[in-house]
Ligand code: SAM
């Protein structure tokens, strides 16, 4: 039986399995196992958790998660070429790693996971943002996940944690911060990846709050925020004109000046406005 010590270095894994990086799959691999263990540690205590890893590739982060003690890892990988390398890892951690060859945007992994569940991923940025929005807007709250630890392009990471008044502040910040605690926990230069991407990256850690910070109907809040930031340069009385004939009054009641722009309005005020839009 193979053990963790028998696993070859990741550069060799890539050579052995001819895993030349494919741009179409956003493949920028992490080959430094000290770094992947450090990322795994940002996800918190994994020993009592199932971890959902999206896009394991040759398995650098997967090894980090397992060696940091994850109870069980379910890894979803679209590229069939990565499966033999992942099989080797599964053999070194008996019963602790399952791999599904699928597109993470198509598969519902919940049947294969037991709570508590943490999500960890180094994904292509477009897929990562789409999954993040899905994970932040489930039908019911609290969601299936306890935390999300995700690699993003630095600029996207900054949009997730942005505060009012900054250029990065918008729909993503509000969605993320309404029902979770979001923090950038690591910065990575392009050279941390093989091949290096054009831009810097950052790891964002989001912890689900048991309750939203302020009450609001999720569907209405999302609608108000989307409309407000769709025309972020406009005053809110103009940007939200279509929502209600008396929008100026409702803005005022929510503590927002009708002449304010979306980027200066905080979460609490957006939630107050969403509640007023229900009446
Ligand atoms: N986690 C590995 C690492 O850190 O070295 C690989 C990261 S690489 C940025 C992204 C990985 O996601 C690739 O292995 C790619 O094949 C996989 N991937 C891309 N799109 C995917 C999708 N829609 N569903 C599942 N995996 C996907």
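Each Cβ is built from the backbone N, Cα and C atoms, and glycine gets one as well.
Lifted from TrEMBL, the feature list:
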- 28, 30, 55, 77, 103, 122: S-adenosyl-L-methionine binding site (BINDING)
- 35-210: domain 'Ribosomal RNA adenine methylase transferase N-terminal' (DOMAIN)
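Sequence features, as recorded in TrEMBL, placed on the structure.
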{"residue": "28", "record": "S-adenosyl-L-methionine binding site", "DSSP (3 states)": "coil"}
{"residue": "55", "record": "S-adenosyl-L-methionine binding site", "DSSP (3 states)": "coil"}
{"residue": "77", "record": "S-adenosyl-L-methionine binding site", "DSSP (3 states)": "strand"}
{"residue": "103", "record": "S-adenosyl-L-methionine binding site", "DSSP (3 states)": "coil"}
{"residue": "122", "record": "S-adenosyl-L-methionine binding site", "DSSP (3 states)": "strand"}
Would you identify which of the binding-site residues 28, 122 has the most other C-beta atoms lying within 10 angstroms of its C-beta?
122
Consider each pair of residues in 28, 30, 55, 77, 103, 122, all listed by the record as binding S-adenosyl-L-methionine, and report the largest Cα separation in Å as a whole number.
20
Neighbour count (Cβ, 10 Å) for residue 55 (S-adenosyl-L-methionine binding site):
24
CB within-chain contacts under 8 A for residue 77 (S-adenosyl-L-methionine binding site), separation at least 6:
55, 56, 57, 83, 86, 99, 100, 101, 102
Packing count at residue 103 (S-adenosyl-L-methionine binding site) (other Cβ atoms within 10 Å of its Cβ):
10
